[in-house]
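**Student:** If you scroll down you'll find the structure; I have some questions about it.
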Amino acid sequence: MLQKTGRGLLAFLLIVLEWTRPSLPSPLRPICDLRVLNHFIKEAQDAEAAMKTCREGCTLSESVVVPQTTVDFDVWEKKNASAKAEEVQSGLWLLQQAFNFLRTSVTNAALHSHIDNAVRNLLSVNAVLRSLNIQEFTPQANGAEIEGTWRASSAAELLQVYVNFLRGKARLLLLDAQACQQDVS
């Protein structure tokens, strides 16, 4: 009887050790709560407000390419998940490039923290997409193949695009994510 108990205890310990083994990374759990995105949107709106009140050292030295933020819902609904993901990830990449350029143009130190935070939040949105098993897409280095773009000529315009992109296409992609769909059967 002691032998059976010992083997059962050993099996139990092996199971526990397997679960807690630190050498294997745990898979990302889906982040389906839109409050995460809402937090990023709120911070983007704060940055936009700060940019609008800036009087010196807060201009773009030249216009930057940004994603279109308008959504034709009939066209969006007809796109497959991969095309939607590619469009959103391309837009996030363009915004990141634009913010990196803005960082070099802006001399106002107070705005640097907003710009750095925007870049960190863009990376976080990409991490959220990865947690939802949305296939990653990275445009070519020059971004020439990205469709649906235009040019922002001011920092305030760039931040407005950022807010609208998060509120529009990024939100729609998260709402449509397969990992967040509840099984209704």
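Note that Cβ sites are derived from N, Cα and C of the backbone, with glycine treated the same way.
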**Student:** Name the cysteine that pairs with Cys32 in a disulphide bond per TrEMBL, restricting the answer to Cys58, Cys180.
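**Tutor:** According to the record, the bonded cysteine is Cys180.
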**Student:** How many other Cβ atoms are found within 10 Å of the Cβ atom of Cys180 (disulfide bond), counting all protein chains shown?
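**Tutor:** Its Cβ shell of radius 10 Å holds 14 other Cβ atoms.
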**Student:** Looking only at Cys32, Cys54, Cys58, which of these disulfide-bonded residues has the biggest number of Cβ atoms within 10 Å around its Cβ?
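**Tutor:** Output for this query is Cys58.
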**Student:** C-alpha of Cys54 (disulfide bond) to C-alpha of Cys32 (disulfide bond): distance in Å?
**Tutor:** 35
**Student:** State the Cα to Cα distance, in Å, between Cys58 (disulfide bond) and Cys180 (disulfide bond), rounded to an integer.
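**Tutor:** So the Cα of Cys180 (disulfide bond) lies 39 Å away from that of Cys58 (disulfide bond).
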